[in-house]
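Following: one structure in structure tokens, then a few remarks.
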Amino acid sequence: MLGQVGHAALALMSLLLLLWHEAAPIEVPQDLKQPPTIIKQSVKDYIVDPRDNIIIECEAKGNPVPTFSWRRNGKFFNIGKDPRVTMRKRSGTLEIGFRSGGRPEDYEGEYQCFASNDFGGALSNKILLRVSKAPLWPKEVLEPVSVTEGSPLVLPCNPPPGLPPPFTFWMDSGMSPIPQDKRVSMGLNGDLYFSNVLARDAHTDYSCNARFLFTHTIQQKNPFTLKVQTKEPFNDTSYNATEPYGGRKVAESTPTFLSPSGTESSKMVLRDEQLLLECIAAGLPTPTIKWFKKGGDLPGRKVKFENYNKTLKIINVSEEDAGEYVCMANNHLGSIRHSIFVQIKAAPYWLDKPSDLVLAPDENGRLVCRANGNPKPNIQWLINGHPIEGYPPNPNRQVLGDTIIFRSVQIGSSAVYQCNASNQHGYLLANAFVSVLDMPPRMLGPKNQLIKVIENNRTFLDCPFFGSPLPDLRWFKNGQGSGLDGGQYRAYINGTLEIKRARAEDEGTYTCVANSILGTAENQVRLEVKEPTRIVRLPEHQSAVRGSTTRFDCKVKSDPSLTVTVAWMKDDKPLYLGWRLRKDEESLTIPNVNEGDEGTYTCTVKSEIDQDSASARLTVLDRPDAPMDLDLSDPAARSVRLTWIPGNDHRSPITEFLVQFEEDRWEPGRWQKLSSYPGDLNSVILQLAPFVNYQFRVIAINSVGQSPPSGPSPRYKTSGAAPDAIPRGLRGSGSKKDNMEITWEPLLDLERNGPNLHYSIWWRRKDSGEEWSNVTTVGSKHVVHNTETYVPYEIKIQARNEFGSGPESNVVIGYSGEDKPSDAPTDLRVSKVDSTKVNIHWKSVNPNTVRGEFKEYRLYYWRESSQVPGLIVNKEKKTKGFYSTMAEPSGILSDLVPYSKYKMFMVVANNHFESSPSNTVEFNTKEGVPDAPRAVRMHSKSLDTISLEWEKPLEPNGILIGYQLKYQRVNGSRLGRPHLETFLPNVTEFTLRLPDRSTRYKFFLSAMTQVGAGEVYAEETPHFTNEVAPGIWDLTVVPNSDYANVSWSHNFPAGSSEFVLEFTLDSDKTVKVVSVKQQPPITVADLIAGATYHLRVYSHELNSISSNSVTFKTKPAYIDHVDIATQGWFIGLMCAIALIILILLIVCFIKRSRGGKYPGGGCVTGFAKYLVRDKKDLPLDPVDQKDPDGSFDYQSQ
């Protein structure tokens, strides 16, 4: 947090209120007759802008309203005689205008305002009016300044004397400030000091500038030309911080003071002003300055060192800051000191300022005017602006130096007294009236005021009152008890009651009572104590990625009776929400953050009596900008230095630089990664490959992401060289029995190192002592022909290009091609036949007959049939491999189906071929325990029974002898006493009567053979929420060739269950399961045409709730072909043709009866001709005209 500033502000406000309450005098009501009081006046030293009108302020209050007059330079100023001077109404403020001419300088002088009424006269301070001046720099011709290198120099400024004095600074002709440091700096007088001159200081444009504050103008002195004489030529490029003289020998010197001169000096400063002490030394090397005070320490909290330690500044000096200050300048040749004796004088300052005095007739009183200064000020009293000595003696008034004592004052003796305390450094003037009144007590504040205060805070209940004589005021709470003063309370003389720490029990009505001999007055104040307004969940500093959404919390807790407003500021300015930012009662959300959102956000919560605030900073992170100005240097055969300038990291430090390259020979335009480097580097040596024409680019990476790529570097081409790399993946293997293919991975493009890359390959039979055979190729494969079957070869390879040969590879062993093994395993047999596994034995083959790499003995086995009558089995062959080099190996074949007949044979295999099969062996597995019963269904035939139905196991694994059912009552997580039922093999249902409808049971069902009980199917009765148990019925199937439409009925609530369709193929008992969530009917695809299926539907959640099984057969594949003779459109067409023929026959017979054209059977013949065109009489359509080759000639038409 940046801090909760609200509490500090409230604490400061409370302190100021406390001081005000302690010092505030009793105010005289404005409706009472009283002498004048000056309430506003111009400053004593009043400098005005000559371009503006002059306004000299003087405001006063009093009853009657005061009248005003002015003195100028000690004489009466007749305003009416000067048309340029006017006085504001009901005010003494003067306005001097110059629209009609006149010079402001003519009105310079000392002004004093008099405010008077029937009861006295008050004076303002003496106001010294001066007009601001900005004189021009005197014209002068400055000769060039010539100085020897290493010598000190002072360039004088001597600005024109302005009013107020101008601010000076040094610049060159380009309006750039002259660089200042420990060696070169400007003094308090404006001169430019060089402790020692360097050759690089030679310039022609050292110019002193004076800025005048009132006129806002800058005047420039003619520039100095500085010439530096050196013993050797100066070269700018030779300069560096450790060798400022470029290696030239310049005489060193001990320190001397340029300012001030001598060994000691003095300085006088007035109390509460600023003390500036300066020491500027010459010498080579440049001296360092240190300060200390003799006989004591420097005032740590008030002292500051400026101008590279050459200036000592002490703010708000006081008498204890006087003394001897010493500055010491030293370098390695020696040191010098200068003492400055500081005197602290003081203009007069108040110790006890006189205040207004209200007295009743015959009362006594005093005015005190105590001031101090150095020298001690002189005290002078005045009455109504005139020296008190000029008034006749008054027995009721006695002047005793700085005090006037009044005794038994009477009405009519009111006046305004002035106290003037002065010495040679200034003066103080105070007005204090003495008003003699006879007035009963009266309340001045609003009646029945309501004050709200925050719990545990200091509070003040005001009760302004007045009376003469001064009444006695007391406070009471809730109209009872004695006066409140002491402990938690403190009553002030002006009527204010302080409650040091307000608590809930302090709530109530407070009454203030003012009492004097002339009467009584009272007022009431209602106090309510409220809970403080606090931010209980503060905003926290956040870093947000550009484009993301961030949120600042500001959860507030406050008194329920107070209305609270929450306002947000950004960088101390009101935050404009616009359309993007969102504010609610507890947070500020900034979506789509951008860089303009970065800053300090302050949440300020205000009630009518307090406030709280908290701040947090948002830092916006973004991907870095692209690196810039890529440069290549330090070229070498296989390396180059790449240098770049990092882009803006957008407040997320760069952690990595990615250098990419592109080459224009093999993959032009494709950028590839070369290397990565830490984020604090920007110059690296790149390791390169020969014979590549590179260009590079750099990508910066920070926590947000990657920058855009930089622009490409210049191209850099490396020279060629012989290959460095050895081709990888060298191997030899045969694709045929009489060859060997030698293959390898070709070198990468960047591994070529030069043009005309090719490979030399050597090979020879292992352990044969033959000479190496070799070949050179540009490809990545070579085939060696006419080899013997599966013999080992030694192989090696080498890459070459135009620049030479690369290193040779190590020798690897390859083999020529394999052939079919000539021998087969023999004497295959079994032992220890179990229900699911069997031991197998065989005799191995001679390794030489494998004719290749021995892979395994591969056993082929399949289930020929089941010993259970009528059970159809899947005869698919399976394999299992055995790796053994023993003469008579053995192994175990597991995962067999119990009570089945198996067959098997064995081959030996190399990588490509298998041998002839061994002898075939048959064996029968023993009887085992059955699988779990299938299609278990649970349903309720009546409200007080539950029925269980099932089907035989898919694999009985033996002869079924019956079923075993165990069931237990379920009560929460506890199971009741088990019950056991057994059934014969032909019994597949069981009905249990329920003691009541809410009773639930868990069933455990298993099938049994002679070996024992098999896998258990467990199911718990569903918890029905209504009277009717859920069920599935009316399963219907409409089959087609490869799909079927399935529908069923059920009473499950909509969406409460997923249904499972189980299709069992009759031919091999394979099961297809389809899960559906939609309501029936549905269409199931991917069925086998012409196959018989058994289908049941059950609930996925309650497996026991199932339909009855339905058997159906899909249609053959050809059944979908359309028989045109059975189609409706074809029958309709034939009927239409028959109708047309009938109509034509009727027409024909009618014409014949009328002697028509067609005699005898001509009608039929004519009709036939109408239907069938004669080729001799009618031309053929284009589609009928064919060439002898059967093609059509459309052009002849």
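Cβ atoms here come from the backbone N, Cα and C positions, even for glycine.
Nobody curates TrEMBL annotations by hand; they come from automatic prediction.
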Which range is region 'Disordered' per TrEMBL? Of 578-597, 818-837, 1178-1197, it is 1178-1197
DSSP puts the residues of the region 'Disordered' (707-736) at 0 helix, 8 strand, 22 coil
Beyond a gap of at least 6 residues from its ends, the CB atoms lying under 8 Å from the region 'Disordered' (707-736) belong to 623-628, 630-632, 635, 637-638, 640, 642, 644, 647, 660, 662, 664, 671, 688-701, 742-748, 751-755, 757, 759, 763, 780, 783-784, 787, 790, 793, 795-809, 812-818
For the compositional bias 'Polar residues' (253-264), the distant same-chain contacts (Cβ-Cβ under 8 Å, at least six residues beyond its ends) come to 150, 152, 154, 187, 189, 191, 193, 195-196, 278-284, 287, 329-331, 333-341
Averaged over the domain 'Ig-like' (532-619), the pLDDT of the predicted model comes to 92
DSSP tally for the compositional bias 'Polar residues' (253-264), helix/strand/coil in that order, comes to 0 helix, 8 strand, 4 coil
